[in-house]
Amino acid sequence: MTGISRRTDGAGLSRRGFLAAAGALGGAALAGCGSAEPQVATGPALQDEYTGEPVTLRYWHGFTGGDGPAMQALVDRFNESQDRITVEPNTIQWNQYYQRVIAAVHAGKGPDVGTLQIDQLANLAARQTINPLDEVVTQLGLQESEFPQEVWRNGVYRGSRYGVPLDVHSLASYGNRAVLQQAGLERQPRTGEELEEQTRALLAAGVETPFWMPNRWPAHLIFLSLLWQFGGEPYAEDGSRATFDSDAGVQALTWMRRQVDAGISPPDVAQDSQYVGFKNGQGAYTWDGIWQINDLQSTDLDWDIAPVPQVGDQPASWASSHHLVLFRQRDPDDDKLLAGKAFMRYLLEASSEWTAAGMIPALASARETPEFQESPQAALADAVPTLRFLPPVPGLGDVQVQTLEIAVSNAVLGREQPAAALSGAAARATEQMQANQQKFEV
Amino acid sequence: MTDTNVSRPATGGASALSVEAAPRSAAPPVRGDRSRKRDTRDAVLFLAPYLVIFTVFVLAPLLYGIWVSLHDYDFTLPEAPWVGLENYTGLLTGDSPFAETFWQSVQATWLFTALTVPLLLVLPLLVALVLNQKFPGRNLFRALYFAPYVLGVAVVAVLWRYLLDTNIGLVNHYLGVIGLRDTVPWLTSLPWAWISLVGVTVWWTLGFNTVIYLAALQDISPELYEAARVDGANAVQRFRNVTLPGLRPVVLFITSVTIIASVNMFGQSYLMTAGGPGTETRTGIYEIAEVGLRQFNTGQAAAMSLIFTFFLMVVSLAVFYAFRDRDARR
């Protein structure tokens, strides 16, 4: 800089000097809004009540389904319960949520608090988007023993905790009772053999295609559940390798495709149509996330919910968890951090009300409450210890979209044999995971 | 010819003289030149706002993009190591984990373009020729053909995704009603997925090209048709010798705009097929968005974009060359 300004001294502004000056000005303008990088800060210790200046908190979440109104009700109640903190919620589809929130935080326009899925927690931690919460957990007085073990453990990335679990949500089997009764069936199957018997009975009773097999979402969740049931692991725990092409994976995917070949599922089930079909009375079962509970409750379908049947050697089901997080800021503000922690505490205390979203509260005590015990998803409570989660590896979720999901889709559509589809995708996934490992080492 | 050739150097010499030596007031022959100079200054003044916008929103991002493509760039990480041309060579040699899907997406893009552009050049012309006739209800039909273009890509894609659903869609339902095959996998199998995407895109954007053709048709002087008729030309001859030449500048415009729009296809496959089956209908822009915006491999995605831009420039030049004004040399 000094070199250039000396050159332009006295001789008016040369073109090069002008460009340099303009560049410097731009740089200064950027530097003007605090630090260029989001900063780690969790503020002073939280007292019983927030007593600071009145603040407005920006809260981002992705509850766009039947869970949306339940979150809005909790936020409204919080805003009415006190007059110093106003929470402004912003709902973004999960599909878009992460890329947006990462970009927003790095641009210095990020929200203060958020809810996100555990699969993305490590990713956002590695990308300097969320704050480590070890001290906050102590301030909130939370104990490991109050939460399902794996949910609690997966909130940690590189020795620091980044999220506080709000709930658990898993894959489940929905049954259309009216259709099941056509074949004289009283309850949903508990095992793979029972499912086979039931589908045979349903086909015999004239129910065409009782169990639709999707090729896209939630096909990969079905695949992961079955893979775990057959004793496999989709990825190495340390994030170095994809292992979903193991025998367990091939067994899982072969089973999925067999539903189509056996005429139990129609071929070529396009995006979302297995669920829309089920909602309109087609088919006896559909496997989907428990977040659909509220949506189904608003229809006049006669349905019930059960854990995913045990097709493999052990019970298992894909699950995820919504975690509460504090986003990093370029200019951390103590009042906002305190208010954010107060809001987190409020949401945790409201865990049992959160049942209304169709979720299973993460807090063990909330699962004892009548609110939960009387909810449809209480039928899944016993399955909580068999729920399985993806390992906390940054970037893994996005690798999975590009590899595993496409392999599952290709095999279910019959475009590729399960083994070939999986081994190709696993090789690509391993390459991308190793590239990610290098990238996040810094 | 000779006249202008001789006079040009003369004025050139005079203007050079006027700038360097001659006092302005004492050089009456130069007045024409002075006004010409003022003219260019005005032009620059009027163009400046656009040049600023062009620099800020096109040129600077392009240069920044080139710089990004030379790094292992991820804006969420503190360091972006310099990798030179590695992002490019990885894609060209297949070493990059994204090379396979990238080249597949490039192929898919060209396939889509090759299928869409001829349809979007010919069909709108036919529609425009019909709509240019005088018949009752003409304005209603003009509006009807243009109507889909008003809809956003999200509306169009979601609408058709449900209409074309294999198992619960209306299209297959009515095919069954009239006794045809009602299990066509419109969105989950090839070649149906391409047929759906091309069909929907043509339905959606046909109106735009039609309106441009229509305007150009109305611009062709009726006297030319009359003269042709007097000379004994029949309808086909009039179309070939009057209509088509009259449309040429507009055809150039429509061709390049349609090619660019087709190459940039994203929303239709993102929403209707999710790039499927597999990654078959994933286009270049789709792949770049996935790699750059979702996975934050910005350097890699920038390299992809620039390779893509290069192809697009080659094609655009080819189009301009094919439509170059052959009369200009005469």
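From the backbone N, Cα and C atoms, a Cβ is placed for every residue, glycine too.
Note that the structure is a prediction, hence the values are computed from the model and not measured.
Copied from TrEMBL, the annotated features are:
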- B:1-35: region 'Disordered' (REGION)
- B:44-67: transmembrane segment (TRANSMEM)
- B:106-319: domain 'ABC transmembrane type-1' (DOMAIN)
- B:110-131: transmembrane segment (TRANSMEM)
- B:143-163: transmembrane segment (TRANSMEM)
- B:192-216: transmembrane segment (TRANSMEM)
- B:247-267: transmembrane segment (TRANSMEM)
- B:301-323: transmembrane segment (TRANSMEM)
With a Cβ cut-off under 8 Å, give me the same-chain residues at least six positions beyond the ends of the transmembrane segment (B:143-163) that come close to it. 127, 131, 169-171, 187, 196, 200, 203-208, 210-211, 267-268, 270-272
Sequence-remote contacts (6 or more beyond its ends) of the transmembrane segment (B:247-267), Cβ cut-off under 8 Å? 109, 112-113, 116-117, 120-121, 124-125, 153-154, 157, 197, 201, 205, 209, 212-213, 215-217, 220, 283-286, 289, 308, 312, 315-316, 319-320, 323
If we skip the immediate neighbours and take only residues 6+ beyond the ends of the transmembrane segment (B:110-131), which ones have a Cβ under 8 Å from one of its Cβ atoms? 138, 141-142, 145, 194, 197-198, 201-202, 205-210, 212-214, 217, 243, 247, 251, 254-255, 258-259, 262-263, 265, 281, 283
